[in-house]
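Asks: I'd like to ask some things about the structure below.
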Amino acid sequence: MADRLIVKGAREHNLRSVDLDLPRDALIVFTGLSGSGKSSLAFDTIFAEGQRRYVESLSAYARQFLGQMDKPDVDFIEGLSPAVSIDQKSTNRNPRSTVGTITEVYDYLRLLYARAGTPHCPTCGERVARQTPQQIVDQVLAMPEGTRFLVLAPVVRTRKGEFADLFDKLNAQGYSRVRVDGVVHPLTDPPKLKKQEKHDIEVVVDRLTVKAAAKRRLTDSVETALNLADGIVVLEFVDHELGAPHREQRFSEKLACPNGHALAVDDLEPRSFSFNSPYGACPECSGLGIRKEVDPELVVPDPDRTLAQGAVAPWSNGHTAEYFTRMMAGLGEALGFDVDTPWRKLPAKARKAILEGADEQVHVRYRNRYGRTRSYYADFEGVLAFLQRKMSQTESEQMKERYEGFMRDVPCPVCAGTRLKPEILAVTLAGESKGEHGAKSIAEVCELSIADCADFLNALTLGPREQAIAGQVLKEIRSRLGFLLDVGLEYLSLSRAAATLSGGEAQRIRLATQIGSGLVGVLYVLDEPSIGLHQRDNRRLIETLTRLRDLGNTLIVVEHDEDTIEHADWIVDIGPGAGEHGGRIVHSGPYDELLRNKDSITGAYLSGRESIEIPAIRRSVDPRRQLTVVGAREHNLRGIDVSFPLGVLTSVTGVSGSGKSTLVNDILAAVLANRLNGARQVPGRHTRVTGLDYLDKLVRVDQSPIGRTPRSNPATYTGVFDKIRTLFAATTEAKVRGYQPGRFSFNVKGGRCEACTGDGTIKIEMNFLPDVYVPCEVCQGARYNRETLEVHYKGKTVSEVLDMSIEEAAEFFEPIAGVHRYLRTLVDVGLGYVRLGQPAPTLSGGEAQRVKLASELQKRSTGRTVYILDEPTTGLHFDDIRKLLNVINGLVDKGNTVIVIEHNLDVIKTSDWIIDLGPEGGAGGGTVVAQGTPEDVAAVPASYTGKFLAEVVGGGASAATSRSNRRRNVSA
């Protein structure tokens, strides 16, 4: 096999016929400015060709079921292995997927519990066991010789009826006695039972005494009883006193409770422990573990309001508001309160009645349109029951969304959120966790953090038989948990829903899964695996990447993290600029040579020739103007109070899983969206948020796509295309033809090409070959019909304008202030290289986030806006971060507030204020470790962020020195 990976003539997207010679079995980092061509080379060229060649080796029948990829625009690639892509976009949104299921650890846990678990009765907690007839006989013969007993077959257990037919049938089969409700009767004269009472009936199969000579007879009697009673036999030891605990002993061929409690499971199989299978799933919630319930906190979001002012939110708007206010006034007459009393001051009895309903009818009075007083009596349902009823009755998606705004996902009341049947939750394994010895169910093990789960399974106490059965399974589980620990995910639990994972967490889970697969000779292409990872955990991620390399694989990592770049075997810097100014190889070689490369912007920042400066003076914080979250207790937050100063740039930091997103996104952003933007979101649990009166708008910028279809693009999303279409409609030619702005839209009939409905391409299905997209023969890819394209603005058609880069378009429309302002903002956030009409699905998460940011930036600022950004540096080069910080600081300089969740030290060190959560992730986090200026936080020994920040802000260290210090720390 060739020891080099050679690429010749790569021209995908903006690549300029790139030639590249890379070592195999190495850790290779692709870096460069955003839009320089890194992903085009790594994913769209090398990975695409590797996957295409592998799929082409399969049969035509197999290929038709696989989503194939088009052949990339490249002359040839040599030394290519089967390729695996690990990106951030394929996060599983299925509510049934968990960390345990996607890593397959849960599959092995199911096998472990099915084969080595100890079942118990969920009612009484007694151990449940199954025995063969021979085991039962041996156990009886081990008792003292001469012990007398009856062999009973329980044929009826706590059932109503007279059972006369059963007595006749048993008598006909040759049995002579039967025990009914503890009393033995002859079958020749059975008792007359009351039909409406529950009874226990056991057939007396035999009377025996313990002695060796009775072994054959005992075996026959036990087998007869087991057959008669569906696998259960009861022995009554007649020499013991009535009511004595050992007078009766129950044996079963199946899983059975010794105290006779019914079990809904016969045999334990791996599927019995699956919440996605009817054999194991809780019947109440079908294995989801949650259900929606009305939350009184959401029904009454502001307890300082009166009922007349709309304290009860579902009854405060619309044409029914007056009706419900009258109803509550009627209730007030009966209970002694009035609707002008704040909710907080209402008697507990009144609040309970409004929420849950009244037992008596209420007397409702009102004035009709003629001014006459009228009255009637009506039932008062209560707002909670009202919402549940409306939710179950409506078929309107809009109304469902409205009612769900007053509900939370709460744990299922039957399984308490564990998703499994009670019988399955009663199967345990004994082990040790955090120094405490005890038995845990599979659900309890999955609730542990991955670190604690690994400790528990390492300390399992198994007998020789169970150890022999479980040895190989435990080896697989421990191995997979070890890989998850290696990539810095020890704070997650196996029960964590996949839909709640960040892109970085999901990517690292897939990375751990790939290491667990043990494949060699594979080409792995990764997209920024360090996203969402604190500097503290970088070392373990780098060790994981090198371990994957050492197995005999080639890794190509698209990355901006300086620690990862420094530890790479080979670095490819693509640039020198972005878009049309990029697409060339600036550097291909080891790290030391990159630092000396004068043409490399990356090398300039890493060597310290360029740097992002720490501000000489930070903005002062006014303690009187703060946004304060009181009693934040969602997920792992421990009832903390956190104040966000207004009018400054605040970074929320902390290790992965410390509670940053929960605090900022789930609580603060949701409350602000509801109060300032009129949204109907469900905030995380908290007591209250103060300081809202200082603000008038929330702008939340995340990395979700700006659109799901190719018809959405930066021009349409920002709204600049509306102005461009208006310009075209104002041309002389358009006026002569009577064209309106709608004529220049590719989404509606009139101006678009109808052959391709405005897509510009035609999809040709090729069955087992990849679908082929060819330019539309009618419009030649221009999207518009011939008549529309005959209209020109300054010599350009509307199609040619959409094909311009944003930088070109900004220059083209410079005289038109209304258009230029939009485009200039896109250039300012580093998107000058993106085409104005570039389809939304082709934009990365970081690019989509910056399009949203630009869309908000061009709006008129009030100086009272709060901007919330979630890791805005994702996908950004050092130089792009500098541009982003200029934009953010411009917002703050106008009096606005910017809150960012961030791990990037360049952003953190330039912040005015830092709120550091932790100290650890998961259960070990959820508290405020430090807050203050970067210098204040750097001085806090308990803060991991402060430790790394001290190397950047402490003692006026230069950028180059601080980076050198950090690399030594990571290497340690």
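Each residue, glycine too, has its Cβ placed from N, Cα and C.
According to Swiss-Prot, the record shows the following:
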BINDING   32-39, 654-661  ATP binding site
DOMAIN    315-601  domain 'ABC transporter 1'
DOMAIN    621-950  domain 'ABC transporter 2'
ZN_FING   257-285  zinc finger
ZN_FING   753-779  zinc finger
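Map the listed features onto the structure and describe their local environment.
Replies: Sequence-distant contacts of LYS660 (ATP binding site), defined as residues of its own chain at least six apart whose C-beta falls under 8 angstroms from its C-beta, comprise VAL652, THR653, GLY654, ILE901, LEU917. Classification of LYS660 (ATP binding site) by DSSP places it within a helix.
Tertiary proximity for the zinc finger (257-285) is limited to same-chain residues at least six positions away from its ends with a CB under 8 Å from its CB atoms, namely 96, 101, 107, 109-111, 113-114, 117, 119, 121-124, 126-128, 154, 157, 249-250, 291, 412-415, 418-421, 423-424, 427, 442.
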Asks: Just to be sure I understand the packing, how many Cβ atoms besides its own are within 10 Å of the Cβ of SER656 (ATP binding site)?
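Replies: The answer is 25 other Cβ atoms.
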Asks: When a 10 Å sphere is centred on the Cβ of GLY32 (ATP binding site), how many other Cβ atoms does it contain?
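Replies: Taking every protein chain into account, the count is 29.
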Asks: How do the residues of the zinc finger (257-285) split into helix, strand and coil according to DSSP?
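Replies: Summed by class, the stretch gives 4 helix, 1 strand, 24 coil.
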Asks: Starting from the Cβ of SER658 (ATP binding site), draw a 10 Å sphere and report how many other Cβ atoms land inside it.
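Replies: That number is 29.
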Asks: What is the total of other Cβ atoms whose distance to the Cβ of GLY654 (ATP binding site) is within 10 Å?
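Replies: Step by step: centre on the Cβ of GLY654 (ATP binding site), count other Cβ atoms within 10 Å, giving 29.
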Asks: Return one of helix, strand or coil for LYS38 (ATP binding site), based on DSSP.
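Replies: In three-state terms, LYS38 (ATP binding site) counts as helix.
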